[in-house]
Amino acid sequence: MFRFEHVSQQPLEDLNFTIEKKDQVILFGPSGAGKSTLLFLLNRLNDPEKGTIYFKDAPISEHPVTELRKKVGLVLQAPNLFPGTVLDNLKYGPSLFDEWQEEDGRRLLDYVQLPSSYLERNVDQLSGGEKQRVSLARTLANSPDVLLLDEPTSALDYRTAEEIEEVLEGLIQEHELTMVMVTHNLNQARRLGTRGLFVADGKLQEDGTIPEMLENPETERLREFLEQ
Amino acid sequence: MAPEISNQSLLFLVIFVIVPLALSYFYQLGVSKSVLWSTFRGTVQLFAIGYILTFLFELPASYGIPFMLSVMIIIATFHARQRGKELPYVGYVLFAGLVAIEAGVLGLWLIFDMIQFKPSEVIPMSGMVIGNSMTAMGLALERMKSEFKENNGRLLAALSLGAEPKQASHLIVQKTLHASLIPNVDRLKTIGLVQLPGMMTGLILGGVSPVMAIKYQLVISLSIFSSVSLSSMFITLAMYRYFFNREKQLLQSEEEIRSSRS
């Protein structure tokens, strides 16, 4: 799906790895290690300073950028909903490509386990957890092949975070999505991820399966991180 | 007969300066210097412009008017540019906008015989339109910058969903225009009720009948209203694109914006 060849973008240097279709990647590491930067590169909200990223075997810059962003959905840490109703938010993406159908609203809310009565609700009236669900549904509305998640539960309380995790778990399995998720929460990593990428000190330090990485870290740097 | 203020009477204006100076002194506001400087500068500027206007009003309209309008537009361009220096081409865009607006407004005034093509009529009236447009453009630039900063997350969300920069910044353009129009709508609503507009006051003091003064005031108020609206719309629609690069990525810092088109 994605291939990184000698990619550098502050603070990350010389990244080389691939993300295969249906991979459920957890991107983790200390704050400021460049995890969000990496997600921005995948959605092309930024371009790398050096190196090339390939998406489906062609350099990412050769894909029409709006089409690429539609296929590679990004959920940001804060929901960043647009003013208006839940429906306005859900149809935003598909309307850009003339793909919105009336019945999509209910289906999308169903994915994130919200009742369809929420469609007409103003986003100002939603709780933090509900907002994040709508934000997730808004990204799913574009039917992306890849779902990028930038700490989607970090601003939520434990219980709400767990509910969102459940939603995500169901969605990934059902839609066979490729997922790249940044998280600080190792339990969440265990639950949602199959593969781990550990970045620290400007480098990709370790790349492996999640259980293996968390139980038997290979590098000293990851061991240090897990002990903290 | 037009009223006249003698130079001796004018000297007593010092009292009006002593008040803020005293306040600054007693409350240690530290603004005495700037009070004195701005008073001095304002006085000199006004007297200078008084003599210049006397000179210009005596010039033939055919070159007195274009000369003074060019000077006003150039100064207004430089002044408004301060608010958006980091944006590429902002000076050219401001200049073009001010020229177009002034030409349009002046054209309408002359076609419909509202004023005569005389320096004493065109220059003060145009000055008000250019000045207000300059302020409106500067405010719109500033507002747009802060809206872009404030709505960073929403803009990223919109782009990440596949929006073109134009679609992503729709909300910002809307908010900027709204913010620039509201004070004008309010001003027009209360015109004459809260305070008599400056031009009308001037005409009445100069001995013109209040109804005649109101006619002039209407011409200028509505001209300003429409030129201010057009100015903000023009500058906002012309400049929002420079907050993005060619790859449809949002530029996050002033440096990025500055270097994006070079």
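Placement of Cβ uses the backbone N, Cα and C atoms for every residue, glycine included.
Worth saying up front: this structure is predicted, and the values here are computed from it rather than measured.
The stretch that TrEMBL tags with transmembrane segment, taken from the ranges B:39-57, B:58-76, is B:39-57. Under 8 Å from some Cβ of the transmembrane segment (B:6-27) lie the Cβ atoms of residues 35-36, 39, all in the same chain and six or more residues away from its ends. For the transmembrane segment (B:218-240), the residues of the chain that approach it from at least six positions outside its boundaries are 84, 87, 90, 93-94, 97-98, 100-101, 104-105, 108-109, 114-115, 125, 128-129, 132-137, 139-141, 144, 165-166, 169, 172-173, 176-177, 180-181, 184, 188, 191, 197, 199, judged by C-beta separation under 8 angstroms. Within its own chain, the transmembrane segment (B:123-141) is flanked in space by residues 53, 56-57, 65, 68-69, 72-73, 76-77, 79-80, 82-84, 87, 90, 94, 97-98, 101-102, 105-106, 109, 115, 176-177, 179-180, 199, 219-220, 223-224, 227-232, 234-236, 239, which lie at least six positions past its ends and keep a Cβ under 8 Å from the stretch.
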